[in-house]
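Taken from Swiss-Prot, the feature Fe cation binding site covers His243, Asp245, His308, and the record attributes it to sequence analysis. Taken from Swiss-Prot, the feature compositional bias 'Polar residues' applies to 10-19. Look at Swiss-Prot and you will find 42-53 tagged as compositional bias 'Basic residues'. The feature compositional bias 'Basic and acidic residues' is assigned by Swiss-Prot to 63-78. As annotated by Swiss-Prot, domain 'JmjC' applies to 197-342, with the evidence given as sequence analysis. Annotation comment: Swiss-Prot describes 1-78 as region 'Disordered'.
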Amino acid sequence: MERKHMSALSIYQSLSGGKTPQAEDKAPPAKKVKRKENGVRPSKKATKKKGTKPLKSSVRSSSSEKEKHEGERDCREMNGKRFDNVALDILLTDLAKVNNSRDRANRLFQWLIHPVQDKSFFRDNWEKKPILIQRQNADYYKGLFSTAEFDRILRNDDVQYGVNLDVTSYTNGKRETHNPPGRALPYTVWDFYESGCSIRMLNPQAFSSTVWQVLSVLQEKFGSMAGANVYLTPPGTQGFAPHFDDIEAFVVQLEGRKHWRVYNPRCEDEVLSLVSSPNFSQDEIGEPVMDVVLEAGDLLYFPRGFVHQGDCLPDAHSLHITISSYQRNSWGDLMLKLMPAALEVAMEEDVEFRKGLPLDYLQYMGVQNSEKEDPRRDRFMAHIQGLMKKLVSFAPVDAAVDQKAKDFLHDCLPPLLTAEEKAGSVYGAPARWGDSEALDVAVELKSQTRIKLVRAGAARLCSDGDTVHLYYTTENSRVYHKEASKSFEMKTEHIDAMEFLIHSYPKFVSVASLPCETAEAKMSLAELLFEKGLIFTAEPLTAQ
């Protein structure tokens, strides 16, 4: 007797008692007590208030004809071809010839948002409002990622449910995740897809060299980690509930079509949100300020805090990749590192910060006393404000920036070296095993050897006051934070030379030109950086 086929979704539901866990359960609204806290105004609720002035609506944006012509003129950088006529593989090959990684990042970003100009985008849209870029060119992003590559990755790589891939659905206002345990194999994944589930790959850069290359270049544009998710949605379905994110999102349509609705932040507290939201119901989000269909080759950008949802049209599947950045990269995040350090310095250097609190301050300060009218409260608050003003002068801003930079370098993808860079680096060194012995190991840098960093942002000097460390990205994993942050302590004799090398980028400089006191110190630094993959030579090294 022939057994009736059960879908992967049906099997999973039967094993879990017909219930599926929700990955993003709708959280109940937090109950906030409206009270004064030591003179600080109470927090606003995360819902629209009556009489609150609505945020200025975003409008569907398209570049003006003037911008379009300027964009076409300015973008004739890739061998005289406009971006809309250049395939991605050719673009990446041409970018490899650009000797400054920051220039590469600028040009790749310009390709991403073409024909909108970089300056106008950051002036008018970045962190402000969405923009839709329609191209009528289905092949514009061809080569970035595809369903064929998705299938290849499932067949050849160890893709784990819940770690690298999610199976999701959103029906009748309910968002569910259907991840079974273990490896995500094509047989099960495509069965989920046939059952109407969306498939999300959480870190395609770990499996796709092209995505890795694009993100590793763009992270130098943003000065913040660039990440990506890939979403494959069956026709006529929706995989996710309305929500907002804590990142700047670039939705790149790769295949098929998808209907998107974007909504203004619901209140001022959610503008440029620091955290992603729970799932919203349809009646919590208001009317969309953008209601569009993305075709292959189109791009949709929206800032963090903008609510959005996407559903697939009945006549086509949808494959898109969301490129993201600027997570926890605000002034406030820098201040979180700066203020504790400033207070520590102030307490060491200024006796006013070490003087004891008033003997009776508990009698008139604190929440239970916040409604009292007491002149002692006024004097207390005035003294606090005076100390806060003085605190600014103790703020170690550069040290706090370095703390942010250390986090960024840990977040970074390692650079994907060009053929020229690899040939001149430790990764292209001729050392190998053959004829039962190690061959061509004797490769030596010389004083006249010209070297430079592999990337402008590949390394950074940071000091903790007593020692100086060099933090670097070349040994990072393509999997986020799989490895600990990479650094090593710099010898005093090497610090000036390392700073010289960083500031010399993108020029090649000879080992002899490094400002160390001895030739031995110059060579030892160059050899250390070469072994760490941080530098490459102008001409490939040969065995002696």
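Even glycines carry a Cβ here, placed using N, Cα and C.
Since this is a predicted model, take the numbers as computed values, not measurements.
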Counting Cβ atoms within 10 Å of each candidate's own Cβ, which of the binding-site residues His243, His308 comes out highest?
His308
Please classify the secondary structure at His308 (Fe cation binding site) using three-state DSSP.
strand
Name, in the order they occur in the sequence, the residues of the same chain whose CB lies under 8 A from the CB of Asp245 (Fe cation binding site) and which sit 6 or more residues away.
Ser273, Ser276, Ser277, Arg304, Ser324
With an 8 Å cut-off on Cβ distance to the His243, Asp245, His308 Cβ center, who else from the chain surrounds the Fe cation site?
Phe240, Pro242, Phe244, Ala249, Ser276, Ser277, Phe306, Val307, Gln309
By DSSP, how many residues in the domain 'JmjC' (197-342) are helix, how many strand, and how many coil?
35 helix, 51 strand, 60 coil
